[in-house]
Amino acid sequence: MAGSREVVAMDCEMVGLGPHRESGLARCSLVNVHGAVLYDKFIRPEGEITDYRTRVSGVTPQHMVGATPFAVARLEILQLLKGKLVVGHDLKHDFQALKEDMSGYTIYDTSTDRLLWREAKLDHCRRVSLRVLSERLLHKSIQNSLLGHSSVEDARATMELYQISQRIRARRGLPRLAVSD
């Protein structure tokens, strides 16, 4: 689409740090509009990992062997996000894990797109999970591995949902997202 900003989908997986198990970034994946992986690394967070959250995060102690240090990964990721429309689900958590203020970015968040929720017949809900949106609109079952979530799979799902939202907007004559300012 000519005159449009480049779009990238992001998903992060977190582990618990310290005695209070505060979230720390342990994996980040970025995909382009076609679902091709632009970035996918395990990241060594700052602080002591006290809970790998493996059932959800998919991260194990073995993944931390040779993992990219947080400070290095953060710079790599932010460089890839710069100037792009960032797509994701509940992105505030991903940006918090990156220790980055998301107000400086243009974002599209599937967790707040009521138009998408209506299309999935979920507009009565207070919150909608990525898993449910994917089942309803993509007819795909995600996040069902016993090994935890895949941030690549989740990023691809949010990108596909973004594309559905764009088609709904076009069909209804609503402004499309990602148009350059």
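Counting begins at 1 with the first residue displayed.
Cβ coordinates are placed from backbone N, Cα and C, and glycine is handled just like the others.
According to Swiss-Prot, the features are:
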type: BINDING; residues: Asp11, Glu13, Asp154; note: Mn(2+) 1 binding site
type: BINDING; residues: Asp90, His93; note: Mn(2+) 2 binding site
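For Asp11 (Mn(2+) 1 binding site), applying a Cβ distance below 8 Å and a minimum sequence separation of six or more within one chain yields Cys28, Ser29, Gly88, His89, Asp94, Ser151, Val152, Asp154, Ala155, Thr158.
Within 8 A of the CB centroid of the Mn(2+) 1 site residues Asp11, Glu13, Asp154, the other residues of that chain are Cys12, Arg27, Ser29, His149, Ser150, Ser151, Val152, Glu153, Ala155.
Under the DSSP three-state reduction, Asp90 (Mn(2+) 2 binding site) is assigned to coil, being neither helix nor strand. Each of the binding-site residues Glu13, Asp90, Asp154 was scored by how many other Cβ atoms lie within 10 Å of its Cβ, and the smallest score goes to Asp90.
Listed in sequence order, Cys12, Met14, Ser23 are the same-chain residues at least 6 apart in sequence whose CB falls under 8 Å from the CB of His93 (Mn(2+) 2 binding site).
If you take the Cα of Glu13 (Mn(2+) 1 binding site) and the Cα of Asp90 (Mn(2+) 2 binding site), they are about 12 angstrom apart, rounded to a whole number.
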